[in-house]
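Everything on this sheet refers to the single structure shown next.
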């Protein structure tokens, strides 16, 4: 984010160069305003404020052009357009007054153009000993709270973030309500908890962003730490959701109780690489993005790396879903809409990045990309909420094995084999009621006699030679172990 407002600095060399870039700002057509205050030692006269716009004959013609000296960089400006402000008493518009030692200049400029456009502000002192001054600048677009301190490319970001914060908060609350119902039926699986985590972290991310932009709207500075925290949380939410999709594609909590050891290792390596690439992107954006150019986060080596990892995740996702459907064709009502909906999601991020880099005007890129990115995340969360809602009318509901049954499977002596797969069944309870209370008659119902009964009986009789239970008619039933005592 380019610096909008600079507090007064001590009289130290600003740059050993005679031409230096300060900041950029996208002014609105009729309401742009630059207010400045400069102060420097009179003996170092005379210094200039240079105002370049994004025409190919101006800013691109001078920035990062070591073949041009200070005089040539000044020569591309048009004095008739008041693009050069001489910080001297001889130039009335500069507002300079001074005594024998110090010259103080307080003034401003209004910016009007036929469209929103970038303006780049630089300082020069050609043929001198470098720049040395203290300064303060304020760049504004009108007087409204929602626009005053914002560059035109940032208009609407605060309003958009507030809107999505409200919507994602409702999504998270609704997911908590669904989780309460699922917990009552012993169907609150790990993958659904991961979804809730992703939604909750997304809400926190938007909250940090809204606080940052709110502070920024008030004073034009904000708190950069809040924005960084918001970006980090946004990335964490994305990574958790991506991991959940891959796990569901592999059938975790839908067709199997656990992922194989080799699959867990591959997932761990992949998510580690993804996380490291995200960290590199943040570092690259903070350290190497040039404020003199309008860049997008994905327009970097790390950004292209993230898009490649996203496409690799999609290939993995496709393979996992196909294998799950091959072994559990009765899960088609869940996996077909799941696969179709998230195919669009997997391709949305790379397509958005390409459109942002090549199809969106630079002055509108940040606000448009912000809205599209949040919309993509909202789409992903709402789709998952819809296909996993615990309703009798939901024919796509993926879970059918109770969480208590998974514990029995994994603790049995045959867990290495049986723990990999669930019994073939669309639902664990055909009478899936709409209340939040457990159905005690089927709370531990087992749909596959061969798999579940053998697991339960094996566990019980390996531990106890005989087991007595009280039947429904109060008669004692005794089970005797008929095999060899372990």
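Using the three backbone atoms N, Cα and C, a Cβ is placed for every residue, glycine included.
Keep in mind the model is a prediction, meaning the values are calculated, not measured.
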Among ranges 128-147, 228-247, 388-407, 408-427, whichever one TrEMBL labels transmembrane segment: 228-247
Stretch contact, the transmembrane segment (228-247) with the transmembrane segment (162-182), Cβ-Cβ under 8 Å, 3+ pairs: no
Highest-contact recorded stretch vs the transmembrane segment (304-322), from 162-182, 194-216, 267-284, 334-356, 368-387, CB pairs under 8 Å: 334-356
Distant-in-sequence neighbours of the transmembrane segment (267-284), which means Cβ under 8 A and at least six residues beyond its ends: 228, 231-232, 235, 239, 242-243, 246-247, 259, 297, 300-303, 305-306, 309, 312-313, 316
Interface check, the transmembrane segment (162-182) with the transmembrane segment (334-356), three or more C-beta pairs under 8 A: no
Within-chain partners of the transmembrane segment (368-387) [C-beta distance under 8 Å, separation at least 6 from its ends]: 156-157, 160-161, 164, 167-168, 171, 174-175, 178, 195, 198-199, 202, 206, 237-238, 241, 296, 334, 337-338, 341-342, 344-345, 348-349, 352, 356, 360, 394, 396-398
Helix, strand and coil residues within the domain 'GPR180-like N-terminal' (16-135) as assigned by DSSP: 19 helix, 53 strand, 48 coil
Reported mean pLDDT - the domain 'GPR180-like N-terminal' (16-135): 84
